Amino acid sequence: MLEARDLYCERDERTLFRGLSFTVDAGEWVQVTGGNGAGKTTLLRLLTGLARPDGGEVYWQGEPLRRVRDSFHRSLLWIGHQPGIKTRLTARENLHFFHPGDGARLPEALAQAGLAGFEDVPVARLSAGQQRRVALARLWLTRAALWVLDEPFTAIDVNGVARLTRRMAAHTAQGGMVILTTHQPLPGAADTVRRLALTGGEAGL
């Protein structure tokens, strides 16, 4: 379980949120919503330990995140707004970098992400959407319980969004957890996704 307790965050003397508390249990996914500058990416960075809140605490499995950072990161898949891939490598080589023991599974993961036939193309030659898919192919390889995804559908077409949404639904159905930001509707998932709205100051599920 991931838990936020009474989080407070301020940027440039402006309060992004205060008193923010919620939990994400096994089998749940949460969509963080809010306008530009509302603090969506900042919140994800706090939840992953990449930044510290100005007040409050994040907990993992009942322990303060700062005390269990190593075990937490073994349970985490974080994909930020930037793809975080190496443009000089091919799609296959990028996945191998993150998942060196899964060589036989790499082609299928890339196919699931819509990159069949592009496995050995240098990433620098791929479109922005295809580069995003290289990063998201990790969703078919990772064993992490918690997925935190910042705008995963950027530059992804409608069919790709549907495919990725189905993968997230399968992950939560197996007891995984998903937290994501997106401005796009989640096809077929409206009844299962909890929404956390950041509106400046207070926030609520």
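Cβ atoms are placed via backbone N, Cα and C, with glycine included.
Keep in mind that this is a model prediction, so the values were computed, not measured.
Confidence annotation: the domain 'ABC transporter' (2-205) carries a mean pLDDT of 93 in the model. Among the features that Swiss-Prot reports, domain 'ABC transporter' is placed at 2-205, with the record citing sequence analysis.
Per Swiss-Prot, ATP binding site is recorded for Gly34, Gly35, Asn36, Gly37, Ala38, Gly39, Lys40, Thr41, and the stated evidence type is sequence analysis. If you take the C-beta of Gly39 (ATP binding site) and look for same-chain residues 6 or more apart in sequence within under 8 angstroms, you find Cys9, Arg11, Leu16, Phe17, Leu198. DSSP classifies Gly39 (ATP binding site) as coil under the three-state reduction.
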Original post:
Given the ATP site residues Gly34, Gly35, Asn36, Gly37, Ala38, Gly39, Lys40, Thr41, which other residues of that chain have a Cβ within 8 Å of the mean position of their Cβ atoms, reported in sequence order?
Top reply: Leu16, Thr42, Leu198
Original post:
Within 10 angstroms of the C-beta of Thr41 (ATP binding site), what count of other C-beta atoms is obtained when all protein chains are considered?
Top reply: 17
